[in-house]
Amino acid sequence: MALPLQQPGQLHTPGFAHYSAAWSPFHTTRIALASSANFGLVGNGRLHIVSANPGPGGRPNLTIDKQYETQDGLYDVAWSEIHENQLVTASGDGSIRLWDIMLNDLPIRAWHEHTREVFSVDWSNLKKDTFASSSWDGTVKVWTPERPRSVVTLQAHHSCVYQALFSPHQPDLLATCSTDGTLKIFDLRTPAYLNTGPNTNTFTNPISASVLTVPASGTEILSLDWNKYRPMVLASAGVDKLAKVWDCRMVQTGEVGQVGGVCETTLPGHEYAVRKVQWSPHRPDVLATASYDMTCRVWTTNPPPGRPPLLQIHDPHTEFVVGCSWSLYDDGVLASCGWDGRLTYDYHPITLTTSGSQYTYVAKQNTSKGAQEKSMSIVLETPDTAATNWALHASSIWVSSIYLADHINELDLETLAGRNDRPLEILELGASAGLPSIAIAKSHPGVRVTVTDYPDEQLIKTLAANVEKNGVSSHCRALPYAWGTDPAPIAPRKCDGFDVVLAADTLWNPELHDIFIDALNKTLKKGPEARAHIVVGLHTGRYTIQSFLARVQNSGLDVINIEEREASGTARRPWDVSFAEREDERERRRWVIWIQLAWTPSMIKRNCFCT
């Protein structure tokens, strides 16, 4: 098994070929691995529970926490969506087993209705007490753990069903792919048999009615996946060596027997059959594929003009790569597994926590030019938000935020404070857990800090608690503020704005650039020495950052400095948007961009600024 990017972490299980890897939806570092002896052709199987933790030098360290033996090979595994320690496996003997990893040796439940190999299992993330299985016997079955038998059986295809997946958008829709070259979408609210014609015996050879059949390939389709952001958009992959993206939005879920689907993207490049395809849970345009050509590849369906869709080739495997799985928590983290018995894990993280987790920050350097002699420790809880605000990505502590905290001496706050007869006023926008602001408040007790984020009740509550428990509430306050609104409720006392405005990783959504710039204009003090410092991970994309810079130039603010900096090193270089033409995702994750803004000379001349 392997996980792609900087220095790959690897786990080798001699004698067992890996068929499927799945990240836990509850634990950020836990992976389940389904394996089979003798390449799954004959012999027993093994379920591994693996931990992926940072090791020496940043290299991921993969360790087996527990393993379970089975009488036949395992082809797939899926974590429960309601119980953090339970998962189901698909077996070559036609059985499905439910395991609890807090118990040893034996499954807690088993079912055996399929008459041939079970090749996939999938747990619904909408109906969380429900999972589905697909088999070489042509059927798809729907189960709940508490019932002794399946609750629905679909005679989905006349041939092998390689995969069946629930829609992440509509709880009663389920998609399948098959040896027959079709994708099908079934509506579980209207189970029925298809009338295939007057000369067909539907009693002994029935077929369930799908709401849509997509004739996707002239050969076998081995894998499919629903896009996590675009309802009714699916990806398929198979023996034709292609990954394809299908727009199925024309389907009427109340009707059956429709045929269609528009192929909006074809991704050629693999040399042999594509065994697995999976959309990123973090980005609507990114998907990964695993192939018998011994590579795992990452693609974008929306490349910049003139650029190919292929983002990365991951090739540490020495045998067929048959599984890949994106981390649900860390953007860009991908596990791959294959018949060489290796799980690989290779990435440079851009976030270090998940919602509700605790993070301890220890300053890497003195933060006030010699005034701070002892190391500084900050303990933070990572906030969560209401489900409607998950798109804010506020439930992580980002590498850019840590980088800013590590380098707050570069804000030159002592010099600015020496030029004022009042305490400096500092503002952080989009603060999440509030690390840079709290670091400033701890190392510079003479300043006043206002730390803000979107008005989500749980987010602001956690942010305020972080300020309180780190002992800086006397001169640091946490307040809600939505960009583009009146900043009067957060305005500093006895001054017309903030001397310094900070922001970390706030540029990822171009649609928010205008209101973010508006927030900068409304909050930054109208003075010649006022500064805004924006640190952003290069994963945001050079063109997105360049778009922001262009909009800033028309706002009365000026970019007085912009520099690319190595996130975990000391290298620095000038900003260059053209680097986008020759760097991959691995390289982008190594860098953050530090942007420093001030008022333009013309704005200074036009206004009577306070000092």
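Glycine too: its Cβ is placed from the backbone N, Cα and C atoms.
Heads up, TrEMBL stuff is auto-annotated, nobody curated it.
The repeat 'WD' annotation in TrEMBL covers 87-101, 111-153, 154-196, 267-299.
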Counts of helix, strand and coil residues, the repeat 'WD' (154-196), according to DSSP: 0 helix, 21 strand, 22 coil
Residue distribution over DSSP helix, strand and coil in the repeat 'WD' (87-101): 0 helix, 10 strand, 5 coil
Surrounding residues of the repeat 'WD' (111-153) on its own chain - C-beta under 8 Å, 6+ positions past either end: 25, 75-82, 86, 88-98, 159-171, 174, 176, 178, 186, 188, 191
